[in-house]
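To start, the structure under review is shown below, and the notes come after it.
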């Protein structure tokens, strides 16, 4: 119901309170995360002493030490309630006049928070504010915090003993993790398996400066074993470490951590969900044994400020939910020295469900058949998305920037398919595209349709769209949902389609036409191969001829250069007067024999070259073009005959035009004329 009618409303951010105060409302009953109040709006109930201060809470960086002096300028403050992690607070003055003065002066005023940012305060009157206090909490069993375990001089000496600038190849293994720097002594801690290699200790052991402190802690009973492994962590302000349990099989019962440089709030969480925030002051020693070491996780939330008890200052202990005693503590550079004793035997603790030494390792199981894999996909993908569709859609509202960049880079009017579109968060990114989505979940597709997007239900491995029909396609976070068999089939089909595309077979056509085209392609490949073989033979022949010619010329040159007698052979011109002897001709026995011989000529020398038929290159091209046209006409005639066999309209057959002939009955013609004469009415 509306707030003006006394409805209940939950507020979790300052924008709601700002809107509430700016509206002309009279009375509202509010319930804000366990805090119940009745709000009245100035000037109707100016006699109230309590005010709500929006934007003035621990959740947006305003501490008690910063807000309280501002409020005390306008009167004596009885109480200032600051809920943890909330962007608002509540103040109660001694008199209504003081509350009125604070409202008139501070409402809409800017203050500067602990980070130096300007914050605009909004105030209004409340009749009652009650905070539900949580029950008293105790430290996890086996947890102990010892304050001021070392002096400030010792702290400075320990911090200076760690040289973060030395070579990372040093034997004491220095590493840079995502949000912190670490250094290992004694044994290297491997973060990939959260364990140590017990057979490969680091040379040098623990730093000598730590020996005196460890001996003192042993003597005073704070620890029971002398550690042989040290991990030094350096945390920048605002960074933390995820919740974890130190590996049971790696270390003994005691885990000891010394905090240097700055205080911190560490969160301990039980498997049942109970969370206990514990303040670890500067120069304090944290000792975890028993249940707190083996069962509870411990971690540090990454944030710039910690919520602490204002009355206790920076003392150790549990951070309670007393909203009248909470403030902020700004984090600084913190360095922790975590000491452990490496375990040489398997762990036999009392918590087998979380102990890696006592848990039975079960090998990963894989589906034994395609049917089993498909059933797993049906049970844990399809059915789950149907059940969580609404919640899933509410958490998927921000598109990935790289996908948005890709969609906006496409030309205007492009047709884009989104395979596995979910709730359609990408379908409306670029209004200049024509997008169609598909998803396996009916409920997610219904959400797309409610948002006026084009979407259909289908399997991502069988999308009912023709190949090449879209200009672009996206499929975001989909393929990892496929079962093993489905993935293999999908990849096999994709390879087959890619090969078809490379061969130019990805276009749809009639089977007969496709068969004919394949036949042509085979004939073409055969002709091409023959032509290639013929060309290679011709090249070989020319090379052989050229080689023979070179060899012959080389032999002639060698003959010319020799000192032997030289005989030059030439063809004699036939004598026109046989009876007449030449003056230069010498008569001897050899010449007489030559006269009796007949001159023999090669066959090519007797050919009549004027009678040989010649062919030009242009005539060859013309003949080839003619043959190509004849083949094309044959193909078209064959295709036409096949189409005519399947044609249902009888007027197309036998060379018809598709329309009835002129000698058909006159009634049909008159009907056509009448229909053409009727004017359009719409």
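Using N, Cα and C of the backbone, Cβ positions are placed for all residues, glycine too.
Positions annotated as transmembrane segment by TrEMBL: 29-48.
What TrEMBL lists as domain 'RRM' is 49-119. With DSSP classes pooled into helix, strand and coil, the tally for the domain 'RRM' (49-119) is 23 helix, 21 strand, 27 coil.
TrEMBL lists 226-343 with the feature domain 'Fe2OG dioxygenase'.
The region 'Disordered' annotation in TrEMBL covers 519-599.
Non-local neighbours of the compositional bias 'Basic residues' (526-549) in the same chain are absent; no residue 6+ outside the stretch has a CB under 8 Å from one of its CB atoms. The compositional bias 'Basic residues' annotation in TrEMBL covers 526-549.
Among the features that TrEMBL reports, compositional bias 'Basic and acidic residues' is placed at 579-599.
Marked as coiled coil by TrEMBL: 620-647.
For the coiled coil (620-647), the predicted model reports an average pLDDT of 83.
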